[in-house]
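Working notes, beginning with the structure itself.
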Amino acid sequence: MQEQYNPSKIESAMQKRWQEQDVFTAKEQPGKDKFYCLSMFPYPSGKLHMGHVRNYTLGDVISRHQRMLGKNVMQPMGWDAFGLPAENAAIQNKTAPAKWTYQNIDYMREQLKSLGFGYDWNRELATCSPDYYRWEQWFFTKLYEKGLVYKKNATVNWDPVDQTVLANEQVIDGRGWRSGAKVEQKEIPQWFIKITDYAEELLDDLDQLDGWPEQVKAMQRNWIGRSEGVEIDFNVASSEQTLRVYTTRPDTLYGVTYMGVAAQHPLATEAAKTNPELAKFIEECKNSKVAEADIATMEKLGMDTGIKAVHPMTGEEIPVWVANFVLMDYGSGAVMAVPAHDQRDWEFATKYQLEIRPVIEPLSGDSDIEKAAITEKGTVINSGPYNGMSSAQAFDAIATELKEKGIGERKVNYRLRDWGVSRQRYWGTPIPMLNLENGESVPVPEDQLPVKLPEDVVMDGVNSPIKSDPEWRKTEYNGQPAEHETDTFDTFMESSWYYARYCSAQTDDAMLDPEKANYWLPVDQYIGGIEHAILHLLYARFFHKLLRDTGLVESDEPFKRLLCQGMVLADSYYREDEKGGKQWVSPLEVDIERDDKGAIAGAKHKQDGQPVNIGGMSKMSKSKNNGIDPQTMVERYGADTVRLFMMFAAPPEMTLEWSDSGVEGAQRFLRRLWKLTYELNNAGGACSGQSLNANQKQLRRELHKTIAKVSDDMGRRQHFNTAIAAIMELLNHLQKAPLESEADRQVLAESIDATVRMLAPITPHICEQLWQELGHQEPLSFADWPAVDESALVEDEKLIVVQINGKVRAKLTVPADASAEQVEQIAFDEEAVQKHTEGKDVRKKIYVPGKILNIVVG
């Protein structure tokens, strides 16, 4: 055994050995417990960042631990390879997106291997490969045949620079989040999948997900947004038209004082024909569409259309206003406004001096509507025959009357909208539909799949290469001219089923092999950032149910247990330029001065020795130039050190603060473990079966207490940082242990053997090497997790503290099973106890078993 720990030499040797021994190749083994561990696959942007490293280290630690517990483990890896960044990079680098993407994949694959992650590379997939997306296209055509896919014109946020549709959340202050261009409103035909058909099941099945964080489930519940209410028809005065609205508060119907309609509503369009001022306002509303989340905080603007609606109960005429807070995409694009009992309606009514009519007396008695709306429920007032009813009673009574009159009905509503999957981009999966000359659309026949994306293209930054290529667009359908759809899928499509494709990634004649898919699915452990709590995780759950209903999988849900890791933070530094802007400086270019407590007291630029400003801890990002390159850290410290720091610095779901001193501390710990093993190997032999003295028994007790704690922390609790802390504490005990006798060496050998196995999932390279140095032949990856020897935990003796009148006077070692009487006898035989009790009246003796004996004397 080498005396010095050499990470780079050990790590390259171990990685080569794992590859040669095919250690991580997963095969179906019916009858054996399986464990499918999956970390969210990366976008191949060019290089891994520390957020990736944290995510994938967590997954690898869990996978390796489960393998040592005897499970049949699968841990695959692939690439979420489509998306706009590849197009932007292609334009910038004058290359094709495909070439840029595949080069990045090759580089990042080697980065992952250098970190020692135990992936089954035979299952590797890239979503930009036709072998992958052909099945996505096939599945889409099957959904179309089932009536779950449809095409409709939809008003979209159009970015005129990126030439693409933006989600509401991608519009910031009326501008595109990526390009900064002023966003326009545009109506274009788009393809949708009916996720709303599954809204109830998606909501109900959240209750099955015991292994998911409550926060994520709450976010999905809110996004799906189930509500019970009533749909009500308001007649339009002097017209045959009706305004249909949905409300969850029919008990406030008598408080309606105006109606609000979206700028795109037909009534608004009609009124604008004869009202230029209204037409101008509507145009402004259309071009300032914002995310739904912003509506609560933005200024409420509106204009009277001059049209009146008729109250369904009182016959009163109510003004109809165009309001910028009403969205055409939600419900019917119209709302009934009750300003006394809805804060948004109250703000609008106050601004435009519309009537505010209270119809609920709150239970709290606070009924001042001058300051704000009263949103709580209570007793109905000013509502004719419903006065005196509770809100719940009035809900039922009013809903019943509306139904009897034929102008309303109860309805369960969902906030969730159907999934618009069309994107006006090139680098994505072509939507497998054909547009015929008669205006109809039909699926591409199965024998013509996949519809391949041409990869050898030149990006001009304006038009999609497939849109501007007539040869690609043109085709035939039943002998008639047709054109390929030139939109591509939302990239959430690819990431909604990749976890299932891993189960049979090499199958080329089907989307999934049901037998293999049903063996591995559902995923036992899924790991990724909480930023994916809604869209990706919701779409993947939806897709899984679609796969089930197509007969490809049997389970209802894709992921049993979900772990959302926290962000990685790092110190940031900057200098101010002449205009007061911040020029961010990489931490690698800064020399740091620390105070006595280790906090940063000052910083200087390495190049010129001049001070730089300290920007504090923030998420690692390009914008603040505070990212730490994982490759640099692996080359400097070794992969095991980086992995150990990542797992030790914080609980997995909390933010992790990068610290060079913390990384150095992690390496010192590994060097200590190496040194101790070296000393044991050079100390002479050790035979098992030696009788042990009290100190040796105590060391074994510490070992097996640690095994018990680490087993629970690594498995049930997933508190890896406390598991590592316990192992570090154990190593402190082991370093103090003598090596003189065979019994000493026997206990130390057992302890190091178990320590190496406990650390193996976290620092696999050094542990594999130490495992060999300890004399083992089989790979550590297939060794058993250390078992707790319950007999070692049984203590022969206990240390008892003796207090006399509240002061510690003696410490006794007594047999572990000693009775209170025996402990008292031993205590009173002690000289120190006799000294403080002699000639005094012993008034009371209180014994806390195994801990303390209190004696009160007078």
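Backbone N, Cα and C define each Cβ position, glycine as well.
It should be emphasised that the depicted structure is a prediction, and the values quoted were computed from it without experimental measurement.
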#### Entry: motif ''HIGH' region' according to Swiss-Prot, located in which of 20-30, 42-52, 658-668
42-52
### Task
Write out how many residues of the motif ''KMSKS' region' (619-623) are helix, how many strand and how many coil, based on DSSP.
0 helix, 1 strand, 4 coil
### Query
So what pLDDT does the motif ''HIGH' region' (42-52) average out to?
94
### Message
Checking distant contacts: for the motif ''KMSKS' region' (619-623), what same-chain residues at least six beyond its ends satisfy Cβ-Cβ under 8 A?
### Response
49-51, 567-570, 584, 658
### Task
Run through the motif ''HIGH' region' (42-52) and tell me, per DSSP, how many residues are helix, strand and coil.
3 helix, 0 strand, 8 coil
### Summary
Around the Cβ of K622 (ATP binding site), other Cβ atoms found within 10 Å total 9
